[in-house]
Amino acid sequence: MGLPRIGIAACGGTIAATASGDGTATPRLGAADLLDAAPWLRDIADPQARTVMTKASPDITVDDAVRLHAELVAFVRDERLDGVVVTSGTDTLEEVAFTLDLLWDSDVPVVVTGAIRNASKPGTDGPANLTAAVATAASPAARGLGALLVMNDHIHAARYARKGNSGNVAAFVSPTIGPVGYLAEGVPVIPMRVSRTPRVEPPAVPVTARVALLTTFMGDDGALLPAVVADGFTGLVVAGFGGGHLPAAVAEHPAFEELLATVPVVLASRANSGEPLRATYSGFAGSETELARRGVISAGSLDAPKARVLLTLLTAAGRPPDGVRAAFRRFSALP
Ligand code: DAS
């Protein structure tokens, strides 16, 4: 039997960046360049290279991620791949990975990776991360797990992964559950098998739905809410305080009332892990029970950026309010 056929789909980011001469770096490399920098990959896989885009990841949109999904489906089909690796920038890596996780309808592993140190830096982590990602995508243990995020020899389920450090090679964490696996001497080990992320149909492109994301803060008076109304967003995600609470000035703001009457409003927690509460506090306007009574939807185990991805896909597909609520419900373990 031959080596597993693994696709490498390059999208830019630091892993594709080289020095510009003034100490900064810019994404320039394509998939074939990444493969050339890691020739040992041919010992563990039969790699197929395809450059999808060469963007700095702050510029990647949900529309880009939906189009990337379609590219990957075609890549897997055309090249009869056993697994596929996406290389992209770490700034939006968690959102790209989660979009793919929501849309992926196959047991073929899709593994997302990037780098913190660009190719011109001492100790660049790009080739090592690419190698770990290819090994994971080639592993039978990764089949059926949806999208995984591999960085620094840790394997994360896309649904839980977050960038937890701005500049350390150990940048990615899964705060609520921890990584699902790791690489030992280059071999992927996945002791924890998370349930498959509930799938969402890919919306038509271009994805024109726009979902706003606001994080509350001590003394928040809701002054930004009228801009969300005026700008015609198709939904709002609010990152509330720890248990999913908002100041009364936000909860009772006329613009918040108007948003609740017109678009889905989803409440995540700005805390780093866990789920918003459901049945612990009442008697103040921004309590979780009061907000739920007024129609606010809980993000469940999703952090705010992931809730925004899901709400964008759902509103892009024209899901009615009940459908949006049901879709988010599947991300909560709470009754
Ligand atoms: N933060 C850089 C990276 O890690 C830039 C980017 O995300 O494109 O890739």
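Backbone N, Cα and C define each Cβ position, glycine as well.
No curator has checked TrEMBL annotations; they are predicted automatically.
With a cut-off of 8 Å between CB atoms and residues at least 6 apart in sequence, the same chain places Ala25, Pro27, Gly89, Thr90, Gly114, Ala115, Ile116, Arg117, Asn118, Gly126 near Thr14 (active site, O-isoaspartyl threonine intermediate), listed in sequence order. The annotation active site, O-isoaspartyl threonine intermediate is assigned in TrEMBL to Thr14.
When secondary structure is read from DSSP and collapsed to three states, Thr90 (substrate binding site) falls in the coil class. Annotation comment: TrEMBL describes Ser57, Thr90, Asp91 as substrate binding site.
The annotation domain 'L-asparaginase N-terminal' is assigned in TrEMBL to 5-185. Averaged over the domain 'L-asparaginase N-terminal' (5-185), the predicted model has a pLDDT of 97.
Among the features that TrEMBL reports, domain 'Asparaginase/glutaminase C-terminal' is placed at 210-328.
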Inset, instruction - Kindly assign Ser57 (substrate binding site) to one of the three DSSP-derived states: helix, strand or coil. - result: helix
Legend entry - Among Ser57, Thr90, which are binding-site residues, the residue with the most C-beta atoms within 10 angstroms of its C-beta: Thr90
Inset, instruction - Would you mind splitting the domain 'Asparaginase/glutaminase C-terminal' (210-328) into helix, strand and coil residue counts from DSSP? - result: 46 helix, 20 strand, 53 coil
